[in-house]
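Below: the structure, in structure tokens.
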Amino acid sequence: MVRTLPIASSSSSPLSFSTYNRTCLLPQYSSLKFSSLCTNNNNSNNNSNNSTSYTYNPSRRLALFQLGTAIPQSQLFGGKASKLLRAEGNVIEASTSGNMEPTSTAVAEQSVLEWVKNDKRRMLHVVYRVGDLEKTIKFYTECLGMKLLRKRDIPEERYTNAFLGYGPEESHFVVELTYNYGVDKYDIGNGFGHFGIAVEDVAKTVDLVKAKGGKVTREPGPVKGGNTVIAFIEDPDGYTFELLERGPTPEPLCQLMLRVGDLDRAINFYKKAFGMELLRKRDNPEYKYTIAMMGYGPEDKNTVLELTYNYGVSEYDKGNGYAQIAIGTDDVYKTAEAIKLCGGKITLEPGPLPGINTKITACLDPDGWKSVFVDNIDFLKELE
């Protein structure tokens, strides 16, 4: 079902990006160390990860946005020159030099991590780049049964976005396709795995894909070591989709698979920093890989993150096609604190975006995969 792919080199071209997408391409902040509360002391693979850089000629709006990221911490935290950590309703101040009573620090950290467990989080959308937007929209709507929810063209920044899915963005996980003017091909790399689509009849869907000229890379049949009927297909840009035969589900766009170099480390990070549950874990020694399903609810009703570890592989080429996932949160400031505590790298400090005032924060996980957290209320206002 999962095989280790050869490492491929990535290429970069001058690109334009959607608002959330650009946030992960701003100048990087320094790496943060793992907190003892969040790390797995048995880990041996703590490899550093390099993020892909792009050349981008910013518009005036983006230039203002970049300036916004340099706001002093004192302004981000209500005029205080210190970092504020909330513990049991009380504010504990830590100087910027990092000096604080160990007991107070531990209590504050635990409070933040407890808050994460109760935060109202949901996977909102996944962002990736395509070379022919209309062709991809046609494939997704005709072969996979998605609906085009909205589309926006930003000519001054030379890109177009299209949002597609199986239900409204207020309640469903959707794909955000980005087309950058004049760029018709991307390097997907070998770190991104696939999207999972739940269908009632895999064979019928595969026949439709073939009739529309789509590429089938695995014919319908039971998964190795199981009974679920699956098939694999590729969209016009080469992104892989796994078709899973299931009964009716409120969330047909059910999986996003990414490969990681240390599965226990990744599981621990997503549990603590992202507040996800470990829904199940399966080792397949015969095929030399292990998977872990992480998410905010059961697999049959929610989109889940499928983390895959291939034996002996600690790093992957991420290419420049796949971008990130967006996740809703009630508080981007506390979210950023939790990410820092758990060893994540903040690439955009929490705060409102100039022009639209949507509060977000952006980060990298220990393997270098990008995520953006978006304020829940602000996100709904955007959709209006």
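Quick reminder: no glycine exception, Cβ is built from N, Cα and C everywhere.
Nobody curates TrEMBL annotations by hand; they come from automatic prediction.
The following features are taken from TrEMBL:
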- Glu242: active site, proton donor/acceptor (ACT_SITE)
- Glu176, His194, Glu242: Zn(2+) binding site (BINDING)
- 122-246: domain 'VOC' (DOMAIN)
- 252-376: domain 'VOC' (DOMAIN)
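Here the domain 'VOC' (122-246) has, by DSSP, the following mix of helix, strand and coil residues: 24 helix, 58 strand, 43 coil. The average per-residue pLDDT of the prediction over the domain 'VOC' (122-246) is 96, rounded to a whole number. Of all Cβ atoms in the shown protein chains, 23 besides its own fall within 10 Å of the Cβ of Glu242 (active site, proton donor/acceptor).
Glu176 (Zn(2+) binding site) has a Cβ environment of 25 other Cβ atoms inside 10 Å. Between the CA atoms of the residue listed as 'active site, proton donor/acceptor' and His194 (Zn(2+) binding site) there is a gap of 7 Å. Across the domain 'VOC' (252-376), DSSP helix (H, G, I), strand (E, B) and coil residues number 21 helix, 57 strand, 47 coil.
Residue environment of His194 (Zn(2+) binding site) contains 20 other Cβ atoms, counted within 10 Å of its Cβ in all protein chains.
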